[in-house]
Amino acid sequence: MEELILGIVQGLTEFLPISSSGHLAIFTAIFNSTPDVGYFAFLHLATFLAVLIFVKSEVFEIVNGISKKDNEYINLASKLVLSTIPAVIVGLCFGDFIESVFSSTFLIGVFLSITGILMLLSDKLNQNLKTIKSIPYLDAMIVGIFQAFSVLPGISRSGTTLFAALFLGMKKEDAVKYSFLMGLPVTFGAGILELQKVSFSAEQLFGFVISFLTGLLGLYLVKKMVIGGKLKIFGYYCFLASFFVLMFL
């Protein structure tokens with residue numbers, strides 16, 4: 001039952017800007033069990049597949065453009081790679097510290113508050129000038145730096161990258177696409193690195209499937225909420241979750 005619940009939590013919260021890692025750690029604390037970082041990473045592979053399906057047309061365009069040596073798509077792919085570098089460096093260099101943070105409900109509560117603030121601010125950003133193809137390399141690096149902070153449980157990956165992209169003047173729909181696309185290698189890498197720690201029990205595999213299905217639902221919801229200018233709803237939720245964690249866990 002625990003694996004099923006964690007699968008649902010991972011699928012829904014991976015793309016909603018409320019921090020999937022933070023919620024997995026919270027529910028683990030509620031279950032009074034030891035955080036299984038390996039299983040958490042395994043669930044990331046499920047949501048990786050979900051987002052790959054969700055942005056399959058964009059991925060196909062990029063791959064097709066690169067094969068035809070189209071500079072526009074080569075530059076876009078280069079920017080996406082650049083955006084992933086900070087998170088990769090942080091994950092490799094500070095993996096043990098990050099794993100220890102999963103056991104600190106106090107820090108998770110604080111980080112959820114930070115995510116909440118970013119979501120409230122995001123709704124006020126409406127420059128809507130740049131597309132995923134037109135953003136400069138510097139912007140790609142800045143968005144990547146924001147993503148690097150999301151290795152901490154409670155800091156939302158989609159939340160930080162959406163905030164950064166919108167702050168830098170990207171159109172809302174393009175900000176969503178860029179956030180999902182740049183998250184593909186990070187999410188895949190996180191799952192692969194910890195795969196050897198997974199026992200592949202029937203319960204864990206079922207949790208994987210559930211995480212994939214609920215991930216598709218989460219992707220639809222976040223796209224609709226960003227375009228509709230309703231990110232503040234997630235901000236209020238993060239504040240409530242933070243209060244609950246700090247007061248009761």
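Any Cβ shown, glycine's included, is placed from N, Cα and C.
Some features that Swiss-Prot has for this protein:
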type	residues	note
TRANSMEM	11-31	transmembrane segment
TRANSMEM	35-55	transmembrane segment
TRANSMEM	80-100	transmembrane segment
TRANSMEM	101-121	transmembrane segment
TRANSMEM	135-155	transmembrane segment
TRANSMEM	175-195	transmembrane segment
TRANSMEM	202-222	transmembrane segment
TRANSMEM	226-246	transmembrane segment
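Taking residue pairs at least 6 apart in sequence, the transmembrane segment (226-246) and the transmembrane segment (35-55) share fewer than three C-beta contacts under 8 angstroms. In this chain, the transmembrane segment (101-121) lies close to the transmembrane segment (226-246): three or more C-beta pairs between them fall below 8 angstroms, excluding pairs fewer than 6 positions apart.
For the transmembrane segment (11-31), the neighbouring stretch richest in Cβ pairs under 8 Å, chosen from 80-100, 135-155, 175-195, 202-222, 226-246, is 202-222. A Cβ distance under 8 Å defines the sequence-distant neighbours of the transmembrane segment (80-100), meaning residues of its chain 6+ beyond its ends; these are 35, 37, 62, 137, 140-141, 143-145, 147-148, 150-152, 178, 181-182, 185-186, 189-190, 193. Same-chain residues lying 6 or more positions outside the transmembrane segment (226-246) and placing a CB less than 8 Å from one of its CB atoms are 16-19, 22-23, 26, 105-106, 108-110, 112-113, 115-120, 122-123, 126, 154, 156, 159, 162, 172-173, 175-176.
With a cut-off of 8 Å between Cβ atoms, the residues of this chain six or more beyond the transmembrane segment (135-155) that come close are 19, 21-22, 24-25, 78-80, 82-87, 89-91, 94, 98, 101-102, 107-112, 114-115, 161, 163-165, 168, 170, 178, 182-183, 186, 242.
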